[in-house]
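Written below as structure tokens is the structure these notes are about.
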């Protein structure tokens, strides 16, 4: 029985996909001399088989051409032709006995042997190299080895290191059995072997299945990630779009609550000390329609309205008009609510008091310019003042008796009564 096909051509057994890729990469990088082939390459053989019945009055020849053979891995890539001759004896088809002989026909009317090819069956307990070497020693021009019974016309690239003197190919069992039966009936069979096509690495069914499954998994994972990523981007884009629409709607409401004013000759904005619009950098002129923001900065209406829709802040001081008008936007659901924060902690009351004072100053200043036509803003100022009174009441309800440390004892006696008086005032 011949050895299994070499691992250099087919990735069989425990060979993984990574090993197959490594072999293919090395095959692509390895330089090859003319007429040679890489370990992964497989060359087929074109077979021109003809049958002629000898010693008859009719010279009848039937031939067929097919690509049914495969060159051995160590075989020379050369064409060869000759009469097919099997080993002598019914049990010697494997040619594993070193004393196996071949009955070679001679040229008609002479004792000169014709060019012949040994027809040997695979198996018998010896290697391919043993069979090919025996045929070479008996004078064969080449060796044709046909496969096991039951393998039909399956072929493999043979590995026969050391037996490189003659051409060696493998053919299928059905093809070899047909030729052998014709020879046993006395029909002379001639075969012409020519070099066929070069094929890539031979991969077995398990490797093909593994590659297919891996490709499917990678493709499915890639498509799934792409769908997930696209859906996530679409969801974020929709949420951002809703947020922007809500903010623009709030900005429109806030802009509608801001005062408009038409400048007239004699206004301080037009005088020698007048300012220019910070958006268009142009001086104010009579009959210009300006927008007055909550921070008392004025701009051309046509200049500042588009800015407020996008940014909702003063172009100069970055004052948020939504917060100044008491509009708080919830980022999560985009809802609008009027919120006045009141802190119960003494540590936060001071900062809240300062912020509310600034807000009150800006609102009162804006109210002084706007006049009495904006009742919602006055209500907001009143609610803010009430909140400030609540915070101040909570801050005044707590007192701590602390006598600070005085570094100079000379003035300690004089300062103590004043400090005690200040503490009593805090308690009251």
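From the backbone N, Cα and C atoms, a Cβ is placed for every residue, glycine too.
If you check Swiss-Prot, you get these features:
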DOMAIN    75-183  domain 'PA'
TRANSMEM  208-228  transmembrane segment
ZN_FING   277-318  zinc finger
REGION    346-428  region 'Disordered'
COMPBIAS  360-371  compositional bias 'Polar residues'
Tally of DSSP helical, extended and coil residues in the zinc finger (277-318): 11 helix, 9 strand, 22 coil
Taken over the domain 'PA' (75-183), the model's mean pLDDT: 92
Helix, strand and coil totals (DSSP H, G, I; E, B; other) for the domain 'PA' (75-183): 21 helix, 26 strand, 62 coil
